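Pulled from TrEMBL, these are the features on record:
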DOMAIN    6-58  domain 'Myosin N-terminal SH3-like'
DOMAIN    67-752  domain 'Myosin motor'
BINDING   G161, E162, S163, G164, A165, G166, K167, T168  ATP binding site
REGION    588-619  region 'Disordered'
REGION    632-654  region 'Actin-binding'
COILED    904-1094  coiled coil
REGION    1095-1118  region 'Disordered'
COMPBIAS  1105-1118  compositional bias 'Polar residues'
COILED    1144-1220  coiled coil
COILED    1325-1425  coiled coil
DOMAIN    1520-1796  domain 'Dilute'
Amino acid sequence: LTECQLYFARVWIPDPEEVWKSAELLKDYKPGDKVLLLHLEEGKDLEYRLDPKTKELPHLRNPDILVGENDLTALSYLHEPAVLHNLRVRFIDSKLIYTYCGIVLVAINPYEQLPIYGEDIINAYSGQNMGDMDPHIFAVAEEAYKQMARDERNQSIIVSGESGAGKTVSAKYAMRYFATVSGSASEANVEEKVLASNPIMESIGNAKTTRNDNSSRFGKYIEIGFDKRYRIIGANMRTYLLEKSRVVFQAEEERNYHIFYQLCASAKLPEFKMLRLENADNFHYTMQGGSPVIEGVDDAKEMAHTRQACTLLGISESYQMGIFRILAGILHLGNVGFTSRDSDSCTIPPKHEPLTIFCDLMGVDYEEMCHWLCHRKLATATETYIKPISKLQATNARDALAKHIYAKLFNWIVDHVNQALHSAVKQHSFIGVLDIYGFETFEINSFEQFCINYANEKLQQQFNMHVFKLEQEEYMKEQIPWTLIDFYDNQPYFYDNQPCINLIESKLDDTWAQKLYNTHLNKCALFEKPRLSNKAFIIQHFADKVEYQCEGFLEKNKDTVFEEQIKVLKSSKFKMLPELFQDDEKAISPTSATSSGRIPLSRMPAKPTKGRPGQMAKEHKKTVGHQFRNSLHLLMETLNATTPHYVRCIKPNDFKFPFTFDEKRAVQQLRACGVLETIRISAAGFPSRWTYQEFFSRYRVLMKQKDVLGDRKQTCKNVLEKLIVDQDKYQFGKTKIFFRAGQVAYLEKLRADKLRAACIRIQKTIRGWLLRKKYLRMRRAAITVQRYVRGYQARCYAKFLRRTKAATIIQKYWRMYVVRRRYKIRRAATIVLQSYLRGYLARNRYRKILREHKAVIIQKWVRGWLARTHYKRSMHAIIYLQCCFRRMMAKRELKKLKIEARSVERYKKLHIGMENKIMQLQRKVDEQNKDYKCLMEKLTNLEGIYNSETEKLRSDLERLQLSEEEAKIATGRVLSLQEEIAKLRKDLEQTQSEKKCIEERADRYKQETEQLVSNLKEENILLKQEKEALNHRIVEQAKEMTETMEKKLVEETKQLELDLNDERLRYQNLLNEFSRLEERYDDLKEEMTLMVNVPKPGHKRTDSTHSSNESEYTFSSEIAETEDIPLRTEEPSEKKVPLDMSLFLKLQKRVTELEQEKQVMQDELDRKEEQVLRSKAKEEERPQIRGAELEYESLKRQELESENKKLKNELNELRKALSEKSAPEVTAPGAPAYRVLMEQLTSVSEELDVRKEEVLILRSQLVSQKEAIQPKNTMTDSTILLEDVQKMKDKGEIAQAYIGLKETNRSPAMDYHELNEDGELWLVYEGLKQANRLLESQLQSQKRNHENEAEALRGEIQSLKEENNRQQQLLAQNLQLPPEARIEASLQHEITRLTNENLDLMEQLEKQDKTVRKLKKQLKVFAKKIGELEVGQMENISPGQIIDEPIRPVNIPRKEKDFQGMLEYKKEDEQKLVKNLILELKPRGVAVNLIPGLPAYILFMCVRHADYLNDDQKVRSLLTSTINSIKKVLKKRGDDFETVSFWLSNTCRFLHCLKQYSGEEGFMKHNTSRQNEHCLTNFDLAEYRQVLSDLAIQIYQQLVRVLENILQPMIVSGMLEHETIQGVSGVKPTGLRKRTSSIADEGTYTLDSILRQLNSFHSVMCQHGMDPELIKQVVKQMFYIVGAITLNNLLLRKDMCSWSKGMQIRYNVSQLEEWLRDKNLMNSGAKETLEPLIQAAQLLQVKKKTDDDAEAICCMCNALTTAQIVKVLNLYTPVNEFEERVSVSFIRTIQMRLRDRKDSPQLLMDAKHIFPVTFPFNPSSLALETIQIPASLGLGFISRV
């Protein structure tokens, strides 16, 4: 390390916040330095002081290329900060939650759903080596599954970690992997069953803690059982270490087990009323934590899930209610209170309600339970005492009883879950998944943590042993010097924790704490005593020091349960409660108590109890530690008997934030779970391992050319001896080099320095060369520029001289002009300025005088105003003073008057004055009365005068009024005249104004008209412009609409193509599923055939009813049976049903039908076996059977007679109906329809009469034969005649045989006894039976024809009736119209009728013309053939032979030119044809030298001949046999690519031939005239074309599967791992996990292997004549498989995501593209299938820093999904120090830009996807008549026609 502590070296220093902080050395370290100068990453400088005692230097950082490795042991420097940093980089930056640490998988809980657990990921990891793919729980599961199958040894996966670290989820995914890979998910889905048990186990075993809301408070070990074929058959769950103490006590912010709160939340349910539950806050056992509710969890809903899970696992409702009763009883028991009587005794209050409820629920006696809760029994040697107990002891006993009941109930439930998971099939092996808690340390650690940490010590010891074992096996395998370590010797504590285990396992008694101090203190390095406490001790565990508090240790260890209380519970009337304690009655090791109140549920049979009767009591008194140790011992035995695999789960933070890493918490867990222990063990040995080839490839740059030898091993040895002096730092093995920690980093430093020096030298040379080139180029350019510039400057100087002289002259005149002009301007300006200045001064002077004058005026007025104001103010003051003075004087006077008024004299004076005044007033009143009288007299006189004057004035007024009226009249006349004058004037003015208005209006109108015209002209111009603009716009819109419509049309076309491809894909998937079911059906059928074809002794005889019903259909029965399957495929082809649930149900129904058919065949086999057993009895009873058969035939004849009578009656009724109900004009006796009908009916009735007579004749003959026939034992010759009759296929032959038999029967003189010799009569009888069957079938066909004809006649009669009614309606309508309209309507109707008739006649004429042309064509063919036959015969026969010799048949060979392109074969040779041409034809043998598609041509030519003969049965039989034979060949040799390719090619060619020669115009365009003559003439084989198309699809899918199986092993090795460009990608250091090398060894696949295989596929397909379009589709599918598998592996392998690997991939893809160009297949669409892989390779190579780079990536990677892009960026790993990692901010930028993209969230491509295939029509130019059949095919029985 001191050699590496140099300037700029990076180190790790401790930090209280971040645990470890990175720094950089600013000065080289020298031995003896006490301080290191460091530069921290945040920019600060620091002086780091070394420990003076240890003088340990800080840990060195690994090179950047090693950071983020899949395996922590691949790090060169193995220490805690390196591990922590590597995990953080992988978790935060790369979003990778799994990391290997040697044999351990470290799993960090992401607190987020990740798409890395789908079935596609499972398929990707299946079959892979553990180091080949990125770390994953599936890799561990695959390794366990593979080792189980390979080594025949049981496996264990140990999942450990803190609560909330994800242990249960990891175990669940491991089980899902086993269920998927084993292929038995549909039959025994154990994972689903285990998941169904999860709600139950979580409710009774999980609780809320401070760290996790759903913490598992027990450990469980699930054994997944497999059969001999390694398919899952069942499971078994064993639980360990249940935390019983939680039932009675919970810490703050914690809860009891979930089930209690679920019960309380469901207390209002009707079925729970009897439990008398309340809120959880009312129960002592659920309220202590103070946190009864979990946020976001509904306990009532969880209770429903728990009950549903119980029902699914077979726990009945009654048992469920029993469980809930017991749990409710535990809650009520917790509320039982005690009152102290004294210090040693206590009581329970009378009729205590909680205890009463508890006893009612448990079914026990109240008094008895009350007594034993407060007392206990003490047994001595002689007597038994009952002793009261204190309140504290009673409370502890109550809690112990509650814990004991809960533990027993937990045990019972687990047993029932195991019963549901159990399988009846014998288990061959198992994989166990252990989900258990990890190391625990808290502020206060007690007995619980003591036991938990003890268990972890044992597990860590087992882990250490396993690690050492693997390490030593590896060293011994590689034959390197290594001292075997005895695990139990005196090694450092981190190697062996046995001393710690021994310390823990010491016995605990009353003085155990003091004994610990005395025994271990200062003697054992693992034991310490706290300084300030005598009741605690410290143990140094493998993970950390833990201080344990002694208080309560002994009580928790004893966990005493009084036996009397258990007895009370056993006597319960509640049946379920005693079941829980059955284990105590059988002397089985109790499982109720454990450490910390945790309970192991594994059972261990105890030895039989012999001897002391107190054995039972002692079993109850076993301590918790003893029981815990036994349970743990069983677990360790199980684990030691299996091969372990380790998964350590890490909780990254306590707040459940997604992808947030808390270094402190992570370090605690890494220490606790043993990961750092693994690192220390690895660091003690040789953690870094390289193969010689990998070392040579990586460090070739450190070697000189002379050091490189032919032997790679010796080369590496020589180089290492030079590079590393200390030989203890490395060891050479057989295949690998082993390095100690830090050596790889040292080699990487040397390599980086060498590369850096080489880069500097290359840069120096390149830069010098570039600068020299740049200097020369600049020098040449400068000289050229100088030449041109100097010439330009000389020309410019000459021009300058000329211009200077001219300018001087111009300047002279110009200056003179300018000066004169300037003078004039200045003079004029001066005068103007003077005038303005003088005016300005005068105005200023005037303004001054004016201001002075105005100022004087203002001063005058102001001074006057001031003077007036002063005067007014003075006057106001004077007046105010006067007022004040006068007021003062008045007040004084008033005061004097008030004084005077108070005196008597004053009053007297006042009264004297008043008397005088009264006398004066009296005199005044008298005088006024006198005056009043005088005035009244004057008034009277005046009134008289007034009256006289009034009369006089009234008379004058009347006179004046008369004169006034006259004046008014005159005035009115004057006014009227004036008004008339005014009116006239007004009219005149109005007329004048109107005239003016009219004139103005005319002028205005004229102006407006002119304005309007001008406006209209302008508007017209504007409208023209708008029209032109609109026209232009319309044209543009039309173009746009056309373009948009074209785009829409293209998009819709693309969408329709996609829909068509989807539909085609669904249909082909349906065909694939159907073919699978068909193969299963064939297998079942073959099994049944093998079972049926067991040889049976005796003679078989066909039942008469069976044979009679078989007469018509015997020939086609086999065809119909085989034809059933292909005809069924027509439905999906027409309906195009998608592959959904309805399809699944149909297929399921089909499977059921097949099973039913199998059962029917089995029944038929049993029936045949029974017939064989009765065969001998039948031979003895044959005479009686013959008689019975004759009677049956007579009954059959009677039935036929009755049917004939019935038909005759129906005909008579039909005749009556026609005569009665038909219209008179239609059904009249002379009508044509009636005549035709009656003729047909008559002929039918005559035919029936004839048949009746024949039946009667047969009946009489049979009766006579019945009398004559005698029983005969030997019937061996009867089958001969029967076969002869069966060979009579022609009806005429059978009829002649029947007539001959009838004539024979008519001869009465026949001696029947002579005739019956050798069984002749029996033979005759058999022949008659055959004839009878034939007649019966003919009769039935006649009956059907009659019914069809009668139905046709009824339809015709009905149509005539409708026509008649319509005519009558038209006639009635016409009669209502007038005559003219009636004539017109009748004419119109007649024209319509004639038009319709004309059209019908034209259609009939066209049909007849087609028929005529067809018949003429056939006639020409037949005439030509007849002419050729006649010519051939005349040429070979001489005239003499014609006259003299009889004509003999001669075989004349036909000339080649006469060959018509048909092949003839006999019916019995059909199987031979199929066998030689299909079943036994080998593509590699005979078929290599054949014309491509020759079997298809031969088969079609045979079909043509059958069509030529119009033999439909032959056509059907041949096509069905062909299809079935091809299927049989592909089933037998379906793994051979050549066979599948050969028959795909021939099936397509056969399909094209059926289309080309079908006679349809669409397929005849490319035919020659000769080929058109070879078209099929009689049959339309369109249905068989569909069947062949479906067969071709199935063959294509099989071909794809075959080539996928061949290519798959090559793809990853050839496309990813092999270095096609040598030296581009460097090999990184590897850890303990083996990683596939990228160096090509012997037997590994390369890109050339893939190309050779592609060439092989292509050549085979071309050789077989496969259609070019079909070859393109196959190549496209192959390239898709290559691209998908390569990309999927790239996304799952971090070591492949680098810049150099991207270059390799692009090179490999270019080679594939070159192969496509060579084969002319670039337009096949194969290149497009590689687009995702190409973009992934480009993504590895582009810049990944700026926003522009992010935008470019988003535009470039349109074929990749967002998940794939982010995954590649996260996995990107630099191989060399010159590359940089992708920053987290850049990845977030990519995610933000792609958040609106709608694509699939699936990470991997579907490598199993098959593109829908099409078979474009490809006609053949090969003439059928030119085809030659080689003799090697063995088809000599076929003749050419």
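Placed from the backbone N, Cα and C atoms, the Cβ positions cover glycine too.
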Positions whose Cβ lies under 8 angstroms from the region 'Actin-binding' (632-654), at least six residues beyond its ends: 87, 91, 101, 103-111, 137, 140, 143-144, 147, 151, 153-167, 170, 174, 211, 221, 240, 432, 434, 438, 454-455, 458-459, 462-463, 466, 600, 602, 604, 660-662, 665-666, 669-670, 673-675
Which same-chain residues, if any, lie at least 6 apart from G161 (ATP binding site) yet have Cβ under 8 Å of it: A107, K167, Y437, G438, R648, C649, I650, K651, Q669, C673
Number of other Cβ atoms within 10 Å of the Cβ of T168 (ATP binding site) across all protein chains: 19
Counts of helix, strand and coil residues, the region 'Actin-binding' (632-654), according to DSSP: 9 helix, 8 strand, 6 coil
DSSP helix/strand/coil residue counts for the domain 'Myosin N-terminal SH3-like' (6-58): 0 helix, 24 strand, 29 coil
Of G164, G166 (the binding-site residues), the residue whose Cβ has the fewest other Cβ atoms within 10 Å: G164
Residues close to ATP site centre defined by G161, E162, S163, G164, A165, G166, K167, T168, Cβ within 8 Å: N109, N212, S216, G438, C649, K651
Least Cβ-crowded entry, counting other Cβ within 10 Å, from the binding-site residues listed as E162, S163, A165, K167: S163
PLDDT averaged over the residues of the coiled coil (1144-1220): 59
